[in-house]
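J.: Feature list, courtesy of Swiss-Prot:
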CARBOHYD  ASN2  N-linked glycosylation site
CARBOHYD  ASN5  N-linked glycosylation site
TRANSMEM  22-45  transmembrane segment
TRANSMEM  60-84  transmembrane segment
TRANSMEM  93-118  transmembrane segment
DISULFID  CYS95-CYS173  disulfide bond
TRANSMEM  139-157  transmembrane segment
TRANSMEM  180-203  transmembrane segment
TRANSMEM  292-316  transmembrane segment
TRANSMEM  323-345  transmembrane segment
MOTIF     340-344  motif 'NPxxY motif'
Amino acid sequence: MNITNCTTEASMAIRPKTITEKMLICMTLVVITTLTTLLNLAVIMAIGTTKKLHQPANYLICSLAVTDLLVAVLVMPLSIIYIVMDRWKLGYFLCEVWLSVDMTCCTCSILHLCVIALDRYWAITNAIEYARKRTAKRAALMILTVWTISIFISMPPLFWRSHRRLSPPPSQCTIQHDHVIYTIYSTLGAFYIPLTLILILYYRIYHAAKSLYQKRGSSRHLSNRSTDSQNSFASCKLTQTFCVSDFSTSDPTTEFEKFHASIRIPPFDNDLDHPGERQQISSTRERKAARILGLILGAFILSWLPFFIKELIVGLSIYTVSSEVADFLTWLGYVNSLINPLLYTSFNEDFKLAFKKLIRCRE
């Protein structure tokens, strides 16, 4: 995203970059762009070619990968040209298109993380009922909603820019506006509200999972002296869930959900007969789940929070930042599109197998 307040040419004046600096910056950004493109393409191809991954939850991840791929293909390359050349030389129309695509795709990527968290929350806390509702149509509706909200958040500047008497300097390509209300509206809608919702959802997911781990431990202890079929029935009964295997295994929250798919317990499993051992296993799983959630939330917050803090303080005329700082924070946000395909697939064995198949085919 490239949003800034109106500034004078003097205030925008910066020290020209040396050839060496431009080369280093260009190489770094090209590597980021290339990796982002390849990783998101790999996710899309893995889901498209692997029947086992054709699940509603994975459709959300695929849509996220498509959105991040658009950031890598349509947004990052023009940003590299703009940064390296220190000025915009591609014309007013292309500038307008680039800024609109930038804001829409980045906002959409953030909102995808929100609906993925919501999908996982429902899958954990309302498993039986949501398993019936978790369909491809529902996933498509969630994706359509995300894109609609993103467009409503990012498009308003187009209308007032088209009515401005003075066009922005041809050497600049930034959204120049003095609309404080829009600054608040866009930052709240694109980041702060989704961030709040994501934090609440993952907090509740963790506590729900922790409770379910404890119930699973209790059900195992009570069913150790039953037959295998009796164990399966009793465990399902005690956990108030059902024995299924169609939960999405692509989620990093798989550690939370997978006990639904593996309720069957070997008879006379004396290894788990001691409360201390059961508690240790439960504690290990809780720590692993906490680490996964910490990675997801940490990557998202570290990538986008600095940018949106800058947007508020600059948009509200509290403080101004140099173009170098603005570019760095913008690309820090773009890096989230590189991290997403790693975080949302690397904890799942089905995705790992699909990636291995893709690599073997290329070899």
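Yeah, the Cβs are placed from backbone N, Cα and C, and that goes for glycine too.
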J.: Please report the number of other Cβ atoms within 10 Å of the Cβ of CYS95 (disulfide bond).
T.: 21
J.: Residues sitting near the motif 'NPxxY motif' (340-344): Cβ under 8 Å, six or more positions beyond its termini, same chain?
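T.: Tertiary neighbours of the motif 'NPxxY motif' (340-344) are 39-40, 42-43, 61, 64-65, 68, 109, 113, 116, 250-252, 295-296, 299.
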J.: Applying the under-8 angstroms CB criterion, which one of 93-118, 292-316, 323-345 scores highest with the transmembrane segment (180-203)?
T.: 292-316
J.: Would the transmembrane segment (60-84) count as touching the transmembrane segment (139-157), i.e. at least 3 C-beta pairs under 8 angstroms with sequence separation of 6+?
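T.: Contact confirmed: at least 3 Cβ pairs fall under 8 Å.
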J.: Would you count the other C-beta atoms found within 10 angstroms of the C-beta of CYS173 (disulfide bond) for me?
T.: 24
J.: Please list, for the motif 'NPxxY motif' (340-344), how many residues fall into helix, strand and coil according to DSSP.
T.: 4 helix, 0 strand, 1 coil
J.: What is the average pLDDT across the motif 'NPxxY motif' (340-344)?
T.: 93
